[in-house]
Amino acid sequence: MAYAALAGLQLQYGLYSAFLGVFIYCLMGTSKDITMGPTAIMSILVAEFMITETNVTMAILLTFMCGVTHIAMSIFRLGFLVRYISHPVITGFMSAASIVISTTQLKKIFGISTPRGFFQTIIGILTNLYKTKVWDLVMGVTCMLILFLLKWMKERWATVKVAHEERVVIKVLRSTMWFIGTGRNAVIVLLSATIAYLITDIKLPIDVRPLTLTRNISGGLPPFALPSFTYDVPGTNQTVSFSEMMQRLGSGLAVVPLMAFLESIAIAKAFGKKNHYKVDASQELLTIGVANFFSSFVSSYPITGSFGRSAVNAQSNVMTPLGGIFTGAVVLLSLQFLSDAFQYIPASALAAVIIMAVINLFDPRGMRNVWKINKIDVLPMVVTFLLCFYDIAYGIMAGIGVSILILLAKHAMPAAKILEEDGNFIVMEIKQGLDFPGAEYIEETLQQQAENGNNGNCKTLILDCSNLTTLDYSATEAFKHGSQALKESNISFRICGLQECNENMLKRMDVVKYGAKFYDDVNEAKDTIEPRTEEA
């Protein structure tokens, strides 16, 4: 329910999103621990495309399109695309998202209404601080403190060493603290709702209630129906077409499915490694697609694997995906019988739950490690981090774009360095595969050596290609033109260590015609060089 509020939806849509996905994952998933449902990351992405809280057509359609996209990616084996989302981009996105989410929830802690958006929320809070509702502030801060203490106590008691004679008592106490700490969000919601019930008359006008409560939740199960592909603009006779809705979703049609799969597969692999079982990435992609596709029929917004709920599964020693049946059943029972009680949940308590859940997404250690290990990776991380404050989807896309540009730059300028030079010959090494982006660079390098040969005594260029794994047509053309330039400068060109398939490609391009010779290794090529005479 808290994640639904974060996505800008009515709270029941969080419950609509939490049952069908786990049923489907029980049948198709390959991880025993994964629990499908709404997450903080999916919620903040969905919030970017919401029009109004009462019109959820866009969110449900996005779920449908996520399912279609995932299924198509599975059929065409496109799961590898998520590998182009680099770790620095993820670090920048998650750190920015934690700040954006926490900031947008602060208005509920203060009981203040502000426009949507990160900067608008900050300005709204600062300019309306005098309107703070004391009861909301006290409830929100108290809930955050209790959540922090329960988490600390759970972690503290998990590592306590006890004497043998106290083992039974401490074991029971430790289990109790683990249970309360693990379910701390539910504990807070129950306690705060009980307090709100005791001090708030639901019949009073909203403005005079001591606590701001969540709005009424529609009870009962959602209808099973195909998502709407159009929607009516409230207060007008205007109808927005499917194509216009697709235009509004824009980059979300790519970003949301990719992030959903990335989040789920990362969690599944982490728990698979910890608990010693194998996860099938292709099957996981198909499962997420089917889960989203059919969840859209019950008014769900996009779902993926949840780290928090999956961690509870793992710590509870759940042995098979069948555990999801019980999760989904509890959600269905809540929808059917507890919806009236949900209206007493304070909005500030839900905001506290969200803030304490996402605050751990901020990753200063990961940022510091990116800086220490490879400073060029700081660029996509910073670009993602900063742009996410303006628009989450644009930030992710920009970060991916910068990462790919850095990757392509290495292909455009392949590492080629001189290993040995004694005046009579030069040994040069290429350290990676060579394809069309770097073909021109290699050709220019060979031509530069030809020009240098005209001004010096070097008569042989030995090119060590033992690390060169791939060649394409453009690369073979570069070798051909480079060989021709070296021959015109009376420089012998010797190519060493090529794989047989790559050597045959060059021979078909007639590089031998221009004087190129092939050897198994550098030493063999050097042995055939005639020693320089004193006259020379």
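Heads up, the Cβ atoms here are built off N, Cα and C, so glycines get one too.
Because TrEMBL annotations are produced automatically, they should be read as predictions rather than curated entries.
Listed in TrEMBL for this protein:
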- 415-529: domain 'STAS' (DOMAIN)
- 6-27: transmembrane segment (TRANSMEM)
- 88-106: transmembrane segment (TRANSMEM)
- 134-152: transmembrane segment (TRANSMEM)
- 177-199: transmembrane segment (TRANSMEM)
- 249-272: transmembrane segment (TRANSMEM)
- 318-337: transmembrane segment (TRANSMEM)
- 344-362: transmembrane segment (TRANSMEM)
- 382-409: transmembrane segment (TRANSMEM)
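Same-chain residues lying 6 or more positions outside the transmembrane segment (382-409) and placing a CB less than 8 Å from one of its CB atoms are 44-45, 48, 84-86, 88-89, 92-93, 95-97, 99-100, 118-119, 250-252, 254-256, 259, 376, 437. If one looks beyond the transmembrane segment (318-337) by at least 6 residues along the same chain, the residues whose Cβ comes under 8 Å of a Cβ in the stretch are 12, 15-16, 18-20, 22-23, 25-26, 29, 31-36, 219-222, 309. Comparing 88-106, 134-152, 344-362 for CB pairs under 8 angstroms to the transmembrane segment (177-199), the maximum falls on 344-362. Remote same-chain residues near the transmembrane segment (134-152) are listed as 108-111, 180-181, 184-185, 187-188, 191-192, 195, 210-212, 346-349, 351-353, 355-356 (criterion: CB distance under 8 Å, separation of at least six residues from the stretch ends). Helix, strand and coil counts from DSSP across the domain 'STAS' (415-529) read 53 helix, 28 strand, 34 coil.
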